[in-house]
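To start, the structure itself, in structure tokens.
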């Protein structure tokens, strides 16, 4: 007790001024030591350089630096780029990747605990490995990097399980399609009776969700969707009751149906081929198709080249595969906008219609990107393809049309769309003008070179809206020149079947009001075309004029 009193007495004996000076000198000594120890880290920060992102040059441990950055980075901006190849021609460098720069001493390494930022080892000047989301290579930013800086990409952060569990799994706002994009512990239970996609959630307190989705991109067609079986998408927190995995996959799943109108050339593209590109091209082949109403012959035969390019894996039969397949991510349904058109604002990676056309040319080995320019290649004949039809809406005077086109200066091919799509795509791509009656054959415009001319012959019966919607607008979106020729009653073979005072001629709208089937039976199935050559000639002349521009 006496010792303690003695100490207190000595303390009270100090002069207050001397005590203040002592404390000040002690603080200065500590500060000098602090600066000396961390000098290299402080000097490493490039004050004369500015990069989009967050610069950290505080004297702290690397672990503390990563922790600080993780709290400050804005995770909203993502690069629009195919994760398979940062240099892909489909990579749109319209957004700047957000990068945080962590200052470190030369030769140091990022600690292994940094996995929440990067999928693999990163060293200064090296390419950033791909993460589960799309990451640009640091090599594109090398001009901004000195040897003491290591980039940390913002969008590789692990998502918060509770946050992802609380988000709606499905988007049903589109008139064209319902799409579910589900992340986490995903288990796909197959079988015709009740195929389902189950997400096992992290928290028992999270609201459990359940959706019924028909994975075919023509939602508004209620007659069609009645025959497409729904897929149940739901979440559960009961891990013990969830089915055990038979097969675990390291790539995302995309679930869709090849039922519906698949087999009709137009609907093949409008409902499946274009929506598939928009939905899965972002994975650069690393994606697993899970298919309802699987038409394996259609996928491996007619469109074999296309599907092999989109996915490196054999499709799983959703109706008949008895195994439980497990994934880290599953997309149910295909994204779609308008027929044969991709809206980049709604596409996950900003893809557009031109990107799809480039992909098709690459897939089928098509050599021509642009149509013939007569002003630059005088003396060379433009090539015209006349699409012949063997059943309805066929040209009754195809030979005469071909002779007229040749007289005007075209080299003419008359051909019906071939079953071998790879072969026919090359024929179409070799042409500068394509002429056809409204129908599935015109869908082959996807193979035409840019600036080629499409001439759509519209059958009699008030079909202008359908013709423009299905082929006119897509042609313009594909950077093709578009001409439309509507025939008169005199050019229709319906005059051989109905009197001229029949509502078929006098009031076509009344026929439309009878419903699609009745209208289609008369105007689409029973009608053929015999063009008035004098009336049609100016259309071919206009096509030549467009090729001179």
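FYI, residue positions are counted from 1 along the chain as it appears here.
Every residue, even glycine, has its Cβ placed from backbone N, Cα and C.
Cross-referencing 17-37, 38-58 with TrEMBL places the feature transmembrane segment at 17-37. Across the domain 'Glycosyltransferase 61 catalytic' (370-455), the model assigns an average pLDDT of 96. Summarised by DSSP class, the composition of the domain 'Glycosyltransferase 61 catalytic' (370-455) is 28 helix, 21 strand, 37 coil.
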